[in-house]
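A.B. asks: Take a look at the following structure, please.
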Amino acid sequence: MEGEGAPSWRGGPGGLIRELCRSFGHYNRHLARLQHNLRETKKFFRDVKYSQGNLFASGAAIGEGSPSGAGGGGTRDGGQNFISFPRHEEEHLQQTVSWHPCLLILGQNCNAKCQLLNILLGEKLLPTTKISSEENCKRRRIRFTHGTQTRVSLALPEQYELVHMMAAHRGHWDTIPEEDLEIRGDSEDPAHRIAELEVVLPYSLLKEVDVVVAPCRGFQSAEATLEEYMNQVLLIVIFAISEAELSSSDENELREIKEKFSLPIFFFKVPESGVELISPKKTDNEKSSLYCQLMDLEYLSTNHCSCGAPSPDAVAQSMLVEQLEKLRLLSTFSRQVLQKHLVEAATSLNEVHCRCLNIFINQAFDMQRDLQITPKRLEYTRRKENELYESLMNIANRKQEEMKDMIIETLSNMKEELLEDAANMEFKDIIIPENGEPVSSKDIKCCIKQIQELIISRLNQAVANKLISSVDYLRESFVGTLERCLKSLEESWEVSVHPARSLEKSKDVSVHITSNYLKQILNAAYHVEVTFHSGSTVTRMLWEQIKQIIQRITWVSPPAITSDWKRKVAQDAIESLSASKLAKSICSQFRTRLNSSHEAFAASLRQLEDGHSGRLEKTEDLWLKVRKDHAPRLARLSLESRSLQDVLLHGKPKLGRELGRGQYGVVYLCDSWGGHFPCALKSVVPPDEKHWNDLALEFHYMRSLQSHERLVDLHGSVIDYGYGGGSSIAVLLIMERLHRDLYTGLKAGLELETRLQIALDVVEGIRYLHSQGLVHRDIKLKNVLLDKKNRAKITDLGFCKPEAMMSGSIVGTPIHMAPELFTGKYDNSVDVYAFGILFWYICSGHVKLPEAFERCASKDHLWNNVRRGVRPERLPVFDEECWQLMEACWDGDSSQRPLLGIVQPMLQGIMDRLCKSSSEHPNKGLDDST
């Protein structure tokens, strides 16, 4: 029977076995929760991948930016590729949570290992009388596992049993026969040599953990044994020592283990046989040789005692136990090793949750922005194009005379230069005799044509430059902005139609343009500079009449092609040009081109608008899916993984006296937890899935925020699965504890300067939340806590959400709720409204309800009055500037409420003025400062 026949000491092995069972049972329970969370996480990512087809992939890449958001960390590179469980992380976590614990006993020699095994199991199962050296010993590996019946067999590791007659099979045994432990030297069967001895026993400890006694060094080194087990089980390594000192081979073995595996090891000095099992206690100043050797090997350090007491941070460290009665520390050591493993796994899983949850939130911002800004961009594009069209038509209608003058001026300024260039011109593809004899009429026509082309090209460039400068302002005021806006619309539409192309846009800009035809029209009709400089179709049409006019000139064959002849041809061509006709032709064709471009643009824009209409419907569906399904579901998994991490590191908090009750939970005093003292513990029992989701998201937002002096710190969370006797599940939120809330402070009486400082603190806290993209939605007296110096901190982020994650639900405390909250469409200005009401209480100095609200018989009556514009009354003690600030903050039109960046300096000015005035005139109140 377990526990009988073992070496005895004070307390016996039963206590050690019970403690070890508790440690491994604790591990297995938490491992089961971690495995469940991992299964749900994998299922979540599968559901996200296949939900609504490719809708999520197309929606993930929209938008051009996101606010900092709760938690930060955006995704700008395709989105959907990151909303996934990376394969390497999934495989690593799956492997980690599938490991079962195993106690591996190493040692100086077989006797030490066997003696330790016998002590642990409370039975003399292995013989301890072997006298051969460890290097010459040939004992095989021994594995002890749980079963209902005692059984001994040879088995290949993780494979099958060998059919082999063993000494233990011949009859009853208490100690396993020596010959079954040995590897026979004459055995020719390789399977027999590598097989391990498997011992099945009905012991309670073996239900929780397998125990393996390593083979002797003569058969397999400790390093090789560890190599086999490292990626299969969770090892708790024990090193049994029977001698007063480690031998050189022991030191070398331990040194190699440390270099290769960096494992913490529990070193135990087994008692000498036949000697009193209770070793004499050493004083703190006495350090054994073993301790010094392990210090030199860097297994032990001076920051924890030689007795093996656990370190304060509960990180697994090697221990040395030289007294049998302290073997119970093996339970502490095992718990630390197991805890470290669980914490690392829970942390890795929570990092996956938080990373993807932050991406979801940032994408919700992107989608919300897309829904808001796309219709405005379409309207802006239509309006600006129309303004551009009308402006260019006005130029064509009103500036014909200016164009005529411009052409005359250009010709006049360029005439000499043109004539000189024509005289020096070298003709192409025409052979001119050196003696200047006349050439054929065909060659003469070619010469004339080349001179015409020279004049046309030079005049084209000069007039184009003049025309560009005349409409230069249009390029900046219309075309540039219009093009950027249109490009953004086209890109977002293209991504929705062809999601895969969004990844290629950095390589090929043309790929993501949805309407190349529309772009060509804009380039031809509106980009005046590009059109004239590039010699496009418009340019050729504008100057076609120039060619026709020049070609109608009658030429007399010259006696020879000389410089004078070329100059004469050029001069006649220039003089034959009509500036008025050219100007009229330019304006006429310009108007024609503008009309056709305008009509084509309008048609293309309607097509683009239709495409965006369908895309925005899908985006809104996806936005709802993210807000109401994906993000809350992932947030709950994140809450569970983080709570598991917290309970492993810091344990379950102890509830003190009740401090107060709220709508969704009870607040208790908690003396200390996780190194924080004192704490407040909020116990919340979510009644349904919606409240679970809200709580999980609240927790994520609070944990994502950096510590801020105007917000109450959240230290951690623990999920109590046995709350109320196991009838329900409670979430315990451990927070910073402060002195009192503002409601209690006002009832007790606070000085004016203190109250105004509290108002400044509240504004600073709300501003920080808004800077992180969060809206509190429940600013009130009870949610402002005061420390012992009466400095304020905002608490209870139960209704706090990023704007993009708000569903329009009606939340908050009635008297602090802005009118637009009842419509379901609101933004962070609801916090400004609530602050206005809070400021009324701060300035009044009491907690009595405003008369207008006190007369209301019900919440519905109160809400109706607020919607109709009823607000708190002005009290006689109010300063004029304070009253104006209140009225501005609770304005019924949310767009007219001041930004908190404006409110804060106003409050500071009020405080400086009133408090300085009060110090000079102690009896002066708020009403005297108007």
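Placement of Cβ uses the backbone N, Cα and C atoms for every residue, glycine included.
Here Swiss-Prot flags Asp778 as active site, proton acceptor, drawing on sequence analysis. Annotation comment: Swiss-Prot describes Leu659, Gly660, Arg661, Gly662, Gln663, Tyr664, Gly665, Val666, Val667, Lys682 as ATP binding site, evidence class sequence analysis. The annotation coiled coil is assigned in Swiss-Prot to 383-428 on the grounds of sequence analysis. Under the heading domain 'Protein kinase', Swiss-Prot lists 653-907.
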A.B. asks: Please work out which residue of Arg661, Asp778 has the most C-beta neighbours within 10 angstroms of its C-beta, and give that one of the recorded positions.
C.D. replies: Asp778
A.B. asks: Secondary structure at the residue listed as 'active site, proton acceptor' (DSSP, helix/strand/coil)?
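C.D. replies: Coil, per DSSP.
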A.B. asks: Distance check, please: Cα of Val667 (ATP binding site) against Cα of Asp778 (active site, proton acceptor), rounded to an integer number of angstrom.
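C.D. replies: Per the Cα atoms, Val667 (ATP binding site) and Asp778 (active site, proton acceptor) stand 18 Å apart.
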A.B. asks: Give the residue from the binding-site residues Leu659, Val667 that has the most other Cβ atoms within 10 Å of its Cβ, counting over every protein chain displayed.
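C.D. replies: Ranked by Cβ atoms within 10 Å, first place goes to Val667.
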A.B. asks: Hey, what's the Cβ neighbour count for Gly665 (ATP binding site) at 10 Å?
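C.D. replies: For Gly665 (ATP binding site), the 10 Å Cβ neighbour count is 21.
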A.B. asks: How many Å lie between the Cα of Arg661 (ATP binding site) and the Cα of the residue listed as 'active site, proton acceptor'?
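C.D. replies: So the Cα of the residue listed as 'active site, proton acceptor' lies 16 Å away from that of Arg661 (ATP binding site).
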A.B. asks: Give the distance between the Cα atoms of Gly665 (ATP binding site) and Asp778 (active site, proton acceptor), rounded to the nearest whole Å.
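C.D. replies: About 16 Å separate the Cα atoms of these two residues.
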A.B. asks: From the Cα of Asp778 (active site, proton acceptor) across to the Cα of Leu659 (ATP binding site), what is the distance in angstrom?
C.D. replies: 20
